[in-house]
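To start, I am sharing the structure in question, which I have written as structure tokens.
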Amino acid sequence: GFFQSYAVEVDIKDASNATCLYADWLMRFLITYESNSGDYKTTTLNLSSSVTHNGSVCGNDTQAALVAVQFGEGHSWSINITKNNETYQGDFITLTYNTNDTAVFPDAKRKGPVTVLVKDPLHPVQLNTVFVCHNAYVIEAENVTQIFWNVTVQAFVQNGTVSKKESRCPADTPTSAPTVPPTVANVTTASTTTLSPAPTTAPKPVENPDTGNYSLKSGNKTCFLATVGLQLNVSQDKPLLININPKTTIADGACGNTTATLKLNDGNSTLIGF
């Protein structure tokens with residue numbers, strides 16, 4: 001299903017009222033949590049229409065810049081950005097989600113805020129250059145999948161003007177159009193599928209998929225085994241076939257008393273949940 005996700009725009013001013021940090025992006029989160037019955041469920045946390053950016057700061061040569069947003073019922077997300085003489089780079093991303101939000105976590109066993117900290121995997125960007133990434137990219141940490149797309153960011157803006165010089169993420173190419181925003185569905189049973197559209201470029205003929213061996217562990221014991229070849233048939237203007245490559249696919253998930261959730265990420269923003 002399609003979920004509404006609101007764009008975030010943060011324009012931080014310095015003491016002279018000049019822009020020092022600019023960011024505009026879309027994001028959503030897939031979160032696996034334990035229910036009151038002991039099962040593990042995957043839910044979707046989207047940004048609400050009302051987002052604040054309290055605590056965001058410009059940064060300087062000795063202090064990191066910070067983009068911090070707050071949304072929904074006690075949820076927040078932030079990234080601190082550091083610079084050296086020639087580049088700036090995201091350092092750590094912090095997500096805090098609140099399981100007291102019953103609309104998102106209707107039957108969570110653990111109540112209250114949960115914080116997940118992850119290192120930003122993106123490469124440094126030259127100063128006086130804006131980072132742009134239209135295509136979706138995914139960050140996995142603990143039981144959370146963070147999905148970002150249509151990203152525009154420049155930290156340590158010079159002279160109050162966002163640069164026209166761009167640095168693109170690896171997922172973008174000079175001629176690519178933005179991908180369709182990732183589509184995800186709540187995973188509440190072992191048979192539910194979670195999927196985000198693949199790039200819209202015309203596919204080459206696709207052979208049968210290779211068979212992959214995927215497993216999950218609970219402590220030292222294997223709790224989930226799957227030997228399967230996977231091919232996706234995406235319905236859009238032109239039907240798109242995608243083979244999931246076991247060599248580049250990462251398995252993650254969790255096992256509960258009566259339910260196991262297996263998440264597969266093939267590295268191209270394609271997420272599948274069983």
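Any Cβ shown, glycine's included, is placed from N, Cα and C.
Automatic, uncurated: that is what TrEMBL annotation is.
Quick caveat, the model's predicted, so the values are computed rather than measured.
According to TrEMBL, the record shows the following:
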type     : residues      : note
DISULFID : CYS133-CYS169 : disulfide bond
REGION   : 164-213       : region 'Disordered'
COMPBIAS : 170-203       : compositional bias 'Low complexity'
DOMAIN   : 209-271       : domain 'Lysosome-associated membrane glycoprotein 2-like luminal'
Return the single residue from the disulfide-bonded residues list (CYS133, CYS169) that has the minimum number of other CB atoms within 10 Å.
CYS169
Which residue counts does DSSP yield for the domain 'Lysosome-associated membrane glycoprotein 2-like luminal' (209-271) in the helix, strand and coil classes, in that order?
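Each residue of the domain 'Lysosome-associated membrane glycoprotein 2-like luminal' (209-271) counted once, the result is 3 helix, 38 strand, 22 coil.
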